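As written in TrEMBL, here are the features:
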- 175, 176, 177, 178, 179, 180, 181, 182: ATP binding site (BINDING)
- 75-363: domain 'Myosin motor' (DOMAIN)
Ligand SMILES: Nc1ncnc2c1ncn2[C@@H]1O[C@H](COP(=O)(O)OP(=O)(O)O)[C@@H](O)[C@H]1O
Ligand SMILES: [Mg+2]
């Protein structure tokens, strides 16, 4: 019956009748909601789109590329597991509807699906909503939260499962480049630090916050030396990251350990047209003082070095000067010694100089 319901076949003539809604597969927009206008020969149907977010007119579709709109399937849900049936068409319908209503987060049981909104200005996801999640404490476990889906919810569940069960928890963040993984990890970390001190005294909260600030300060540093502009993401992490977040017996955030792995080393030497090498090179060339550049024997122009030269050296969404300052401040906050910072940038300068070496064949 399920097969009949979803894949057509003998049941098509009853499943898809004129004047009834259906889901149909569109070559560009994937699954959309439509209305069966006409039943055509050879198991084909003329469909008009009911999708309000695209300009699709009428289209002829084969039964194989259609799915029925069963009772209740269009009803709003926060958790896709509550749908009357699970099929690409219905899943994508809901995710699409929610995205265009600025509901970028959707639960699938314990999994959180996030679609990148490219803005932090959505009112119901602003930081002032975080206390609502924190206040729920251990009562919000196992999907019982009354809050709307958010990365905070995932962090909350992990934190309270750890507290109540006394067991380690893992959060796996996965998605294609530019999907929002790096940002999601930052959101989760900030929540864990805040949540862990929600019942602590002001003095303890201040102490934990200082640790959280240092953990947060790892981001600009790691991103300067491990992130780059690619065609898909202006701040693409070119390495994987395993992070352990530690708590004491009281559940207070005590620190984090980060293991980066599989850095794309070849990018130091070469990058595709329209992309850049690692941010740090552009940051130091545009952000360092003239005195520093002179000491490193560097010119300010990224086009002067084969590592940094290319079609794209300035990116609209990236402020290399401000980021250079942020990295130096983060290094200070992490307790790096002035000499160590200098050494790091001298290594970068050496790479820039090495890229200028000319190899001449011996006669
Ligand atoms: N939750 C979010 N809210 C707002 N903007 C986001 C969010 N997640 C990602 N972005 C935007 O998308 C860009 C790419 O996200 P990023 O986390 O770097 O992707 P990934 O790590 O998956 O490659 C970020 O620089 C940011 O501008
Ligand atoms: Mg990333």
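Count begins at 1; order follows the chain as displayed.
Cβ coordinates are placed from backbone N, Cα and C, and glycine is handled just like the others.
Whatever TrEMBL says is automated annotation, not expert-curated.
Between the listed binding-site residues, namely 175, 178, 180, the fewest other CB atoms within 10 angstroms of a CB are found at 175. Mean predicted confidence for the domain 'Myosin motor' (75-363): the pLDDT average there is 95. For the binding-site residues 177, 182, the ranking by surrounding Cβ atoms (within 10 Å, all protein chains) places 182 first. The residues near the ATP site, meaning same-chain residues not in 175, 176, 177, 178, 179, 180, 181, 182 whose C-beta sits within 8 angstroms of the mean position of the site's C-beta atoms, are 116, 233, in sequence order. Proximity of the binding-site residues 175, 176, 177, 179, 180 to ligand 2, judged by a Cβ distance under 6 angstroms to any of its atoms, singles out none of them. Long-range neighbours of residue 176 (ATP binding site) (same chain, six or more residues apart, CB within less than 8 Å of its CB): 232. Taking a C-beta cut-off of under 8 angstroms and a sequence separation of 6 or more, residue 179 (ATP binding site) has the following same-chain neighbours: 114, 116. According to DSSP, residue 179 (ATP binding site) is assigned to coil rather than to any helix or strand.
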